[in-house]
Amino acid sequence: MNSIEFSLLDRTTPNSFISTTSNDLSNWSRLSSLWPLLYGTSCCFIEFASLIGSRFDFDRYGLVPRSSPRQADLILTAGTVTMKMAPSLVRLYEQMPEPKYVIAMGACTITGGMFSTDSYSTVRGVDKLIPVDVYLPGCPPKPEAVIDAITKLRKKISREIYEDRIRLQRENRSFTFTTNHKFRVVCSTNTGNYDQGLLYQPPSTSEIPPETFFKYKSSVSSPEFIN
């Protein structure tokens, strides 16, 4: 194999130094070593599991899955979240050290999905429980979309300031963690009784006046045969 030469990297200077800030150095180290806590409850998590294989290889982004929230700085929620699971999810998020991030993966996590229409126990969006940094829609999203969400989170980490993030999280804490939902009583959609005004009803022949019927009938010319 041919060797690749990098002239800029091979060039050495006796008095070389790197100029940066502590905040940029902290952001660079955190975006290259995200340790996710996998919170999968539905089929969307299977798409994330495919990232472990050699085809996508999520290890190149520095992702190291952890089973303990105290060792993770990223929680990835995938699947439906119910009212009974909400306190445990909030507890896991609170046990994660700062700074911490959240990726909401799939329609069921973001809006409740198809279960949000007639289910009394489904949380209508995980952002009502914990603050979400990246929304990843799809049912389910592809592995390429998961990689794109991780890339966007890395860009967000590289531009943020740690003190401002902590301040915003403390301000949003009062209204973020809630399980109260406003339900509206509506008729069931599975009764089979539909609004007759919305259905198309063709006019019957008895409603057409006889003179109108014979008028259009006489206007049609009979076919002519030519020998």
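Note: Cβ is positioned from N, Cα and C throughout, glycine not excepted.
Under the heading [4Fe-4S] cluster binding site, Swiss-Prot lists Cys43, Cys44, Cys108, Cys139, citing sequence analysis as support.
Positions of the features from Swiss-Prot, shown on the structure.
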residue : record                        : DSSP (3 states)
Cys43   : [4Fe-4S] cluster binding site : coil
Cys108  : [4Fe-4S] cluster binding site : helix
Cys139  : [4Fe-4S] cluster binding site : coil
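Within the same chain, the residues at least 6 positions away from Cys44 ([4Fe-4S] cluster binding site) whose Cβ sits under 8 Å from its Cβ are Ala78, Gly79, Met105, Gly106, Cys108, Thr109, Gly138, Cys139, Pro140, Pro141, listed in sequence order. In sequence order, Ser42, Ala78, Gly79, Thr80, Gly106, Ala107, Thr109, Gly113, Gly138, Pro140 are the residues of the same chain, not among Cys43, Cys44, Cys108, Cys139, whose CB sits within 8 A of the CB centroid for the [4Fe-4S] cluster site. Cβ neighbour count within 10 Å across all protein chains ranks Cys108 highest among the binding-site residues Cys43, Cys108. Of all the Cβ atoms in the protein chains shown, 12 others lie within 10 Å of the Cβ of Cys139 ([4Fe-4S] cluster binding site).
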